[in-house]
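Record features (TrEMBL):
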type     : residues  : note
TRANSMEM : B:12-30   : transmembrane segment
TRANSMEM : B:50-73   : transmembrane segment
TRANSMEM : B:85-102  : transmembrane segment
TRANSMEM : B:132-151 : transmembrane segment
TRANSMEM : B:171-199 : transmembrane segment
TRANSMEM : B:211-234 : transmembrane segment
TRANSMEM : B:240-258 : transmembrane segment
Amino acid sequence: MATDKPLLQGQDLAMTFADRPIFSHVNFTIPRGAMISLVGANGSGKTTLTRILLNVLKPTTGKVLTSAGEQRLRVGYVPQFRNLDRDYPLSAEAFVQLNQLSHFWPWHTTKEKRQLHDILKETRLTKLAKTPLGMTSGGEKQRAYLAQALVNDPELLILDEPTASLDVAVKHELIGLVRQLNQQRGLTVLFVTHDLPMAREYTDRYLLLQNGQMTSGNAAALTDEMITD
Amino acid sequence: MFQLEFMRNAFVASTFIALTCGVVGVFVIARNLSFLAHTLSEIGFAGASFGVFTGLAPLDGMLFFTMISAVAVGEMATEQSRREAAIAAISSLFMGLGILFLSLANKSASYATNILFGSIIGISVQEVWQLVVLSIIMLIVMFFAYRYLVFDSFDSVGARVQRLPKHLLSILFLLLLAISVSIGAQIVGSLLVFVLLTLPASSARYLVHTVPRMILVSVILALAGVWGGLVLGYYTNWPVTFFIATIEVVIYLGTLLWDRRATGD
Ligand SMILES: Nc1ncnc2c1ncn2[C@@H]1O[C@H](COP(=O)(O)OP(=O)(O)O)[C@@H](O)[C@H]1O
Ligand SMILES: [Mg+2]
């Protein structure tokens with residue numbers, strides 16, 4: 001499904017935090033329509049790299065090119081940490097709506113309502129639409145985060161270790177759903193994880209951060225020895 | 001009771017106070033700023049007594065002090081724990097300053113009581129107008145910033161990812177909070193404006209689950225408090241503020257119990 005022109009390209013990226021190098025000489029391409037995993041041990045710089053791709057962090061050197069030149073892509077992001085406590089009041093629906101920013105006036109347009117309806121259906125949240133998010137399970141919360149990231153139709157979806165706190169069945173349900181969106185509507189996905197079996201099962205290719213360097217290959221070829229904590 | 005001019009003034013003023021505090025309160029709760037709201041009201045006390053000391057109107061003194069502090073807090077350490085410690089220190093200083101200004105101005109203790117605990121008799125038509133205009137300006141600003149403020153307040157992490165201007169939004173909101181504190185203090189007093197800024201919104205979050213509904217419920221509960229307080233105060237001659245605080249606390253405790261039952265634990 002991937003077409004020739006890459007959606008996103010990292011060129012010679014390096015990141016150093018206060019004299020502590022995290023990685024350097026990082027080169028990679030993310031083809032349009034692909035589902036790619038970004039793997040590596042804890043602290044190897046996976047989140048740092050995604051923050052650079054999101055443009056919230058400036059790399060020490062190097063640059064990120066998109067299919068539209070230097071222009072920014074619309075990116076949907078499911079962050080690694082987002083603790084909503086039990087008292088969190090917004091319903092799943094209201095939480096997803098937060099990311100609808102195409103207008104500033106308080107009420108939502110018919111088009112926005114339709115987009116909301118569609119994404120809730122795709123992420124199987126329709127039944128939970130009115131339930132306060134504080135009262136839902138971990139897997140349901142992750143689906144709401146996913147829906148919020150997708151509601152304004154991004155070109156790239158980045159998931160940062162979304163399965164870390166989920167049990168096995170829920171984890172497969174979530175990433176299976178993402179894979180389905182990837183295959184059905186050609187959504188480009190970067191799946192950050194240190195769960196190698198998940199990466200092997202659901203992604204096409206991998207990017208591996210190890211000892212400050214990046215390597216890549218077919219996800220099927222990932223082996224446990226490749227990550228040493 | 002509406003034959004009396006001061007009652008009419010108090011009624012109009014408190015209606016607008018309930019409106020702004022009810023709306024702003026929803027964001028105070030979402031942004032976890034109850035503590036700051038409390039501190040700002042103490043700073044407001046110092047501002048009002050500074051006004052008395054220098055001959056400014058108390059409301060202008062309050063606006064002056066709280067808005068400067070709001071910007072200062074916004075520029076201060078972003079780390080939550082350190083911020084709270086700094087805020088606590090500053091608030092003690094301002095309470096002290098408030099008392100100093102009042103004593104320098106040679107005002108009696110009852111004046112301090114009025115500023116701290118509110119007074120419905122003291123408010124003039126002109127002050128009512130000023131308060132109404134300020135409230136309307138605030139509501140207009142909130143209208144235009146609504147979606148951004150809602151996103152940033154209810155999902156800080158998501159708002160950062162979408163590159164919303166968080167710093168600007170934070171300063172803007174702190175200014176709105178400073179203004180609400182200052183105008184709210186005119187009726188309920190600077191110590192209890194905190195009640196109107198936190199309890200109605202805290203109750204609302206247990207009852208409804210979208211932002212527009214939370215705003216609606218919060219405003220209704222704030223109105224119930226101030227209107228109920230004025231009526232009861234009029235007939236009993238007890239302090240209006242006592243009734244407002246009591247009504248809001250009872251509603252809040254009621255919603256907590258109701259929520260327990262609804263969620264089954
Ligand atoms: N803002 C920062 N300032 C200093 N060090 C940081 C910052 N962000 C991340 N780091 C450090 O960079 C390293 C990589 O972090 P991170 O990208 O979160 O790793 P991963 O997501 O792969 O677990 C860690 O050692 C972390 O402590
Ligand atoms: Mg990480």
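Any Cβ shown, glycine's included, is placed from N, Cα and C.
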| query | Does the transmembrane segment (B:85-102) come near the transmembrane segment (B:50-73), with 3+ Cβ pairs under 8 Å (pairs 6 or more apart)? | reply | yes
| Is the number of Cβ-Cβ pairs under 8 Å between the transmembrane segment (B:12-30) and the transmembrane segment (B:211-234) three or more, considering only pairs separated by 6 or more positions? | yes
| field | Distal contacts, the transmembrane segment (B:211-234) - CB-CB under 8 A, six or more residues away | value | 1, 7, 10-11, 14-15, 17-19, 21-23, 25-26, 120, 150, 154, 187-188, 195-196, 199-201, 203-205, 240-244, 247-248, 251
